[in-house]
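S.K.: Dropping the structure in here first, questions after.
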Amino acid sequence: MPRRKDIRKVLVIGSGPIIIGQAAEFDYAGTQACKALREEGVSVVLVNSNPATIMTDLDIADQVYIEPLAWDSVAEIIARERPDGLLPTLGGQTGLNIAVELSEKGVLQDYGVELLGTPLESIKKAENRELFKNLMLEIGEPVPRSTIAGSVEECLAFAGEIGYPVIVRPAYTLGGTGGGIACREQELVEIAGRGLKMSMIGQVLLEQSVAGWKEIEYEVMRDGADNCITVCNMENVDPVGIHTGDSIVVAPSQTLSDKEYQLLRSAALRIIRALKVEGGCNVQFALDLNSMAYYVIEVNPRVSRSSALASKATGYPIAKVAAKIAVGLTLDEIKNPVTGKTYACFEPALDYVVVKIPRWPFDKFGSADRTLGTQMKATGEVMAIDRTFEGALMKAVRSLEIGVDGLHLPGSAGWSEMELEEKLSYPNDLRLFAIAEAFNRSWGMREVAQLTTIDYFYLSKIRGIVELERELQAAGPRPPRELLRRAKSCGLPDSLIGRLTGLPAREVHALRKEYGILPAFKIVDTCAAEFEAVTPYYYSTYDDEDEVAVSGRPKVLVLGSGPIRIGQGIEFDYCSVHSVWGLQQEGIEAVIINNNPETVSTDFDTADKLYFEPLTLEDVLNVIEKEKPLGVIVQFGGQTAINLTAGLAALGVNILGTPVEGIDAAEDRDKFEKLLTGLGIPQSEGRSAVNVEEAQAVAEKLGYPVLVRPSYVLGGRAMEIISSKTELVKYMTEAVQVSPRHPVLVDKYIRGKEVEVDAIGDGNDLFIPGIMEHIERAGVHSGDSIAVYPPQTLSREEIDKIVEYTLKIGRALKINGLINIQYVVDNGGVYVLEVNPRASRTVPVLSKVTGVPMVQAATRAMLGRSLAELGYRPGLGPVGGFIAVKAPVFSFEKLGLVEISLGPEMKSTGEVMGIDRSFPGALYKAMRAAGLKVASGGRVVFSVADRDKAEAVSIAGEYAALGYTLHATPGTARALEKAGLEVEVVEITDPVPLIRSGTVGLIINTPTRGKVPGRPGFLLRRTAAEYRVPCLTSLDTARALAMVLRSVRWGGEPAPVSMAELFEKEGTANCCLRKKDSKAAIF
């Protein structure tokens, strides 16, 4: 069928901020789809609230709206833009839910907007648990015994009938949100109560547990002519009972017989046909280990995390094909861009193995419940490709960046037999390492299989790696050639082989070269080499034949940022992609290394060459030796890439941008202090300490409170405000591993206004596109603060000082590329808090709101362009006539036992932006986009520490004036009553009944005695997170929210506005567009 000519304009809904369960895969999918639609001559209108995405760049769609993802906001955009069609299936669960609401509210019908891709009825049948169950039974597909419940009482009745355990699955939710496995009545009451609240329609599916069965996924495609194909089948190493986003996944499946494979493939195709999905669809099955019995667990009628993995695993561009199907094309009409010859109706074939391992945030949250179940907890994932399962597994493990290069965790040898058995029996993030430890202790295969319910195939492979390590240990410092080749084929890195044999890693490398054991690079081509591929997408393996053709063009290697984790998110992938575009603008061949299957940087057509590899010194050097680039760019890959700088430089690799000495001077505390003193720039007083005694001495001299943190970290990991000697000793002995090589920094804590600057340097001078002011005072991590552009409360003198200090620091460090500096402003004084000689998470926001393509400009500066050549003058850039507010987004409800109060260690998983002509309007949009829903009236509960009571009085007065009823804990209530406010006293010894009552609209709580689990304040905050009641732990945020509520009450809600409209009114339209052919992108 030819493309439909009646579809001229399409509205695409993005997925919003990165949260657990919905990450960068939707930026990749949305970007690919927007480009595909425009290739077909369709005008694209995009709405998304996430400024850190490539898809919200001005040249990805014809009109870009960075607005809250709520049905009424999208309805206003529909009224303005009048699209012919709406494509919601690229926006994750958020996009589907909005589409359903728009239809139910009559918006789509009123404006004649057609839902493209998957019909509304199909979405409802897949998402509504009862309709889905009925459809499966109609077509003869088996589903576990289940019931639909709208109350806790109904859940208890069903569980009483079929027995425990039971699985709770809320309708219309993401990443298993609110779900879980209940093994007893009390657990069911808690899980079902939470799940009902989190479901958009107040409905949960209660089903018999098939935990322990094998979990298999099929990614399938269907077009409007009912042509269907299977793109990829994937096998979860972990059994049913663990969310697939928290499972190790292998593609293609390794343990299915052909009969089982075909049985489930046929079922997947029957299901996509019955649902009438047009586009991509993910089907999940539970397969009995001992028979051919299976159940259908779930269907996602949209692009998903699994489809991103399937797409990167096979090279098949699922999102692109889905977008073209949505406008009428069929699979046999859509050319596969990977081969340039075959069509999308050809099923991909794989001649390699892909392994995905989730990246969990437990290194950030030591107190979190690490048990894995049906509710997802991972923030991101890594993917690895090799010719063997072992090779792919070991690559994936070292891609995680968790301080290990193999299957042995530091400290695992010290686990008792009982601890080890517990780690094997109860799924958790350490189970892979526990399996290796069990085999290391010569536990039997049968025993490990019974405890884990993991297939013998995978266990035998892990045991094989452990036995190989023993052979290497026995071989000594010169292992024989065949043993070394076997070790490299199984994915063991030189560093691990070196430790086992007693050789330094460089000597292992030299021995490999002597033996002729070198990696070969293979191409991902979707067709197992049946057709020649035209897209350069490679992986390494220890094989004789190499498939990479190295060009004679000048080339530069960009290091990506690896898996998404707290502190290092999608912002750095945005920067990596823009760096690639900057290189291409200059006619340089752009080569990128990354291992994250969710991102735009690992899409088949982003860079000139993509290497899907771990970001370790050995793996990066393999690519450098192959490609021989002019230099390597490390600035845009977050701490992942920065940490490789010294090792690469020591081996003679040319690091482009800021000199290594400049990076070291900024990161090394003592060197940096001397630099600032020499420049006459004040900073918060502090010292480094290499042991507990030194830290105590520094803290005593400075006076408490002090801010402590390790050096060379990102996202404020292990950073804390310490108020006493006892807290300091606890921190030094438990939170960090301090040593002369890894000192701890101890600073005097200044509680002023925090300000953030990003600047572009050419090695001599700096251009500052903009300054951002934080709403929360210093002490809250910049990634968790609400930030405003341009600053709203700084004086001219303070801004001038910030600009002066930034220029001085940049010149002294010879910044070439990007630099991020954080300041604290206190009583007119400006103090340097931190300097990062690299891209920061605010770069995408500033690029979008100033119109300055910061990363492209920085990349071109690294290639020798001066600021003048790029069209910039040193100093601060002009300020536009609108306000932008960046707000953090958290995923606390997914992580049990995690403290939600804000501090110097970053906790947010994503961010949103609000943009408007007024500050209250922009702040309202940002808060709404972040999911802060506060009723226009009702109860506000105050419970604040003694130090905050005086300030809380005025804030409580503002909420009272807005008509809210004040409630407070006894101590806080006394302070409010003393100020003449009417307040009702509440006790929070057990906060669950209060919050579960549904009468509390907002909680304002500041911690008193640290963050101790079990204390009433901690329980109040945790319960609020789990029941989605807004809980603010910063009085600055509470005051800002009161201002927003007042503004909306008197002035109404601000209207949506497109980015192009804002820039046109400023006379700067299109100044941040990407153009490959000229300098017009910058002038």
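Just so it is clear, glycine is given a Cβ too, placed from its N, Cα and C backbone atoms.
Annotation comment: Swiss-Prot describes 1-401 as region 'Carboxyphosphate synthetic domain'. According to Swiss-Prot, the feature ATP 1 binding site maps to ARG129, ARG169, GLY175, GLY176, GLN208, VAL210, GLU215, GLY241, ILE242, HIS243, GLN284, GLU298. Residues or ranges marked as domain 'ATP-grasp 1' in Swiss-Prot (evidence: sequence analysis): 133-327. The Mn(2+) 1 binding site feature in Swiss-Prot is assigned to GLN284, GLU298; the stated evidence is sequence analysis. Positions annotated as Mg(2+) 1 binding site by Swiss-Prot: GLN284, GLU298. Annotated Mn(2+) 2 binding site per Swiss-Prot: GLU298, ASN300, in sequence order, evidence recorded as sequence analysis. Feature annotation from Swiss-Prot assigns Mg(2+) 2 binding site to GLU298, ASN300. Residues or ranges marked as region 'Oligomerization domain' in Swiss-Prot (evidence: sequence analysis): 402-548. Residues or ranges marked as region 'Carbamoyl phosphate synthetic domain' in Swiss-Prot (evidence: sequence analysis): 549-931. As annotated by Swiss-Prot, domain 'ATP-grasp 2' applies to 673-863. Per Swiss-Prot, the feature ATP 2 binding site maps to ARG709, LYS748, ILE750, GLU754, GLY779, VAL780, HIS781, SER782, GLN822, GLU834; the stated evidence is sequence analysis. According to Swiss-Prot, the feature Mg(2+) 3 binding site maps to GLN822, GLU834. According to Swiss-Prot, the feature Mn(2+) 3 binding site maps to GLN822, GLU834. For GLU834, ASN836, the entry in Swiss-Prot reads Mg(2+) 4 binding site, with the evidence type sequence analysis. Annotated Mn(2+) 4 binding site per Swiss-Prot: GLU834, ASN836, in sequence order, evidence recorded as sequence analysis. Per Swiss-Prot, region 'Allosteric domain' is recorded for 932-1083, and the stated evidence type is sequence analysis. The domain 'MGS-like' annotation in Swiss-Prot covers 932-1069.
Quick one: where do these features end up spatially?
M.R.: Looking just at the region 'Carboxyphosphate synthetic domain' (1-401), the mean pLDDT is 94.
DSSP assigns GLU215 (ATP 1 binding site) to a strand.
A simple way to gauge crowding: the CB of GLN284 (ATP 1 binding site) has 20 other CB atoms within 10 angstroms, across all the protein chains here.
DSSP assigns GLN284 (ATP 1 binding site) to a strand segment in the three-state reduction.
Look at GLU298 (Mn(2+) 1 binding site): DSSP puts it in a strand. Around GLU298 (Mn(2+) 1 binding site), taking its Cβ as the centre, 18 other Cβ atoms fall within 10 Å, counting all chains.
The Cβ of ASN300 (Mn(2+) 2 binding site) has ALA126, CYS281, ASN282, SER306 as same-chain neighbours under 8 Å, each 6 or more residues away in sequence.
According to DSSP, ILE750 (ATP 2 binding site) is assigned to coil rather than to any helix or strand. Cβ-based neighbour count (10 Å, all protein chains) for ILE750 (ATP 2 binding site) stands at 21.
DSSP classifies GLU834 (Mg(2+) 3 binding site) as strand under the three-state reduction.
The C-beta environment of GLN822 (ATP 2 binding site), restricted to residues of the same chain at least 6 apart in sequence and closer than 8 Å, consists of GLU754, VAL755, GLU756, VAL757, SER782, VAL832, LEU833, GLU834, VAL835.
Around ASN836 (Mg(2+) 4 binding site), taking its Cβ as the centre, 20 other Cβ atoms fall within 10 Å, counting all chains.
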S.K.: Return the count of C-beta atoms lying within 10 angstroms of the C-beta of GLN208 (ATP 1 binding site), excluding that atom itself.
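M.R.: Within a 10 Å radius of the Cβ of GLN208 (ATP 1 binding site) lie 18 other Cβ atoms.
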S.K.: Can you tell me how spread out the ATP 2 site is, meaning the largest CA to CA distance among ARG709, LYS748, ILE750, GLU754, GLY779, VAL780, HIS781, SER782, GLN822, GLU834, in Å?
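M.R.: Taking every pair of listed residues, the largest Cα separation comes to 18 Å.
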S.K.: Which one of these binding-site residues, ARG129, ARG709, HIS781, has the sparsest Cβ neighbourhood, judged by other Cβ atoms within 10 angstroms?
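M.R.: Each of the binding-site residues ARG129, ARG709, HIS781 was scored; lowest Cβ tally within 10 Å is ARG709.
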S.K.: Of all the binding-site residues given, namely ARG709, GLY779, HIS781, ASN836, which is spatially nearest to GLN284 (ATP 1 binding site) at the Cα level?
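M.R.: Closest recorded candidate to GLN284 (ATP 1 binding site) by Cα: HIS781.
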S.K.: Using only C-alpha positions, which one of ARG129, GLN208, GLU215, ILE242, GLU298 is spatially nearest GLY779 (ATP 2 binding site)? These are the binding-site residues in the record.
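M.R.: Closest candidate to GLY779 (ATP 2 binding site), judged by Cα separation, is ILE242.
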S.K.: Cα distance, ILE750 (ATP 2 binding site) to GLN208 (ATP 1 binding site), nearest Å?
M.R.: 55
S.K.: Judged by the number of other CB atoms within 10 angstroms, which among GLU215, GLU834 is the least packed of the binding-site residues?
M.R.: GLU834
S.K.: Given ARG709 (ATP 2 binding site) and ARG129 (ATP 1 binding site), what distance in Å do their CA atoms have, once rounded to a whole number?
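M.R.: ARG709 (ATP 2 binding site) and ARG129 (ATP 1 binding site) have their Cα atoms 47 Å apart.
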S.K.: Please spell out the DSSP helix, strand and coil residue counts for the region 'Oligomerization domain' (402-548).
M.R.: 78 helix, 11 strand, 58 coil
S.K.: Which three-state DSSP class does ARG129 (ATP 1 binding site) fall into?
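M.R.: DSSP assigns ARG129 (ATP 1 binding site) to helix.
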